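Pulled from TrEMBL, these are the features on record:
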type	residues	note
TRANSMEM	52-71	transmembrane segment
TRANSMEM	83-102	transmembrane segment
TRANSMEM	122-140	transmembrane segment
TRANSMEM	147-168	transmembrane segment
TRANSMEM	174-198	transmembrane segment
Amino acid sequence: MAAKQSLGAGVSRFRNQGGNADLHRQTGLAIGAFATTLTTLSLSLMEWRGVTVTNVFIGNFFFVAALGLLITAQWELAVGNGFAYTVFSAFGLFYAGYAAIITPAFGVQAAYGNDTAEYNNALGFFVILWTVFVLVFFVASLPTNLVYILIFFFVDLGFMTVAASYFAKADGNLTAATALQITGGVFCFLAGLVGWYLTFHLLLKDSMIELPLGDTSRYFARRAKNE
């Protein structure tokens, strides 16, 4: 029966995590993996302590974010949370795809040879299309709470500016590319911080304190009632 629930029903469950303490714990794993990976990536995008090469994070991308999110997504599907399943699966696949691009063994960058402009344009296409996907999540999250809304909002801005940085780099405008990359890193860092807040909320709500999420469902209550 759970598999037949719509994404709309999943949004309601995504908004009201809880009820059974054991059923929402897995969400903490997914959000924690997401926050850990995005925060470390954002530090590199902002070039903190001179770090600019992201290859050291490949393990995080494959085994923390991709694997953690995809495994958790199956639990969300099992309890009928279609929206969380879609979100976690999508981000897990994104991280796996991005990790494959920057893994030398896959030979993606090497396939472009010395044509760095084409490579950067292709990376820009990759990220900008994910910006559209995240925009859908942002709109769908509006009837949930402020925390989920802020995560998707900052991630979308981060993806958009990072994509723009790739296009600027392809055009040879390195100054603009660096500025856009750092700006994207700031947005991703903010998304990571909100993700950490949500992780604390999910893992502490049954034992210590329930942090507020800022419920926004009341603004959409009339539409939900009509459905």
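In case you wondered, yes, glycine gets a Cβ from its N, Cα and C as well.
Unlike curated records, TrEMBL annotations are generated automatically.
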Chain residues outside the transmembrane segment (122-140) and at least six past its termini with a C-beta under 8 angstroms from it: 7, 11, 83, 87, 90, 94, 97-98, 101, 112, 149, 152-153, 155-156, 159-160, 162-164, 166-167, 170
Positions on the same chain near the transmembrane segment (174-198), where near means CB under 8 A and six or more residues out: 31-32, 34-35, 38-39, 41-47, 147-148, 150-151, 154-155, 157-162, 164-166, 168, 211, 213
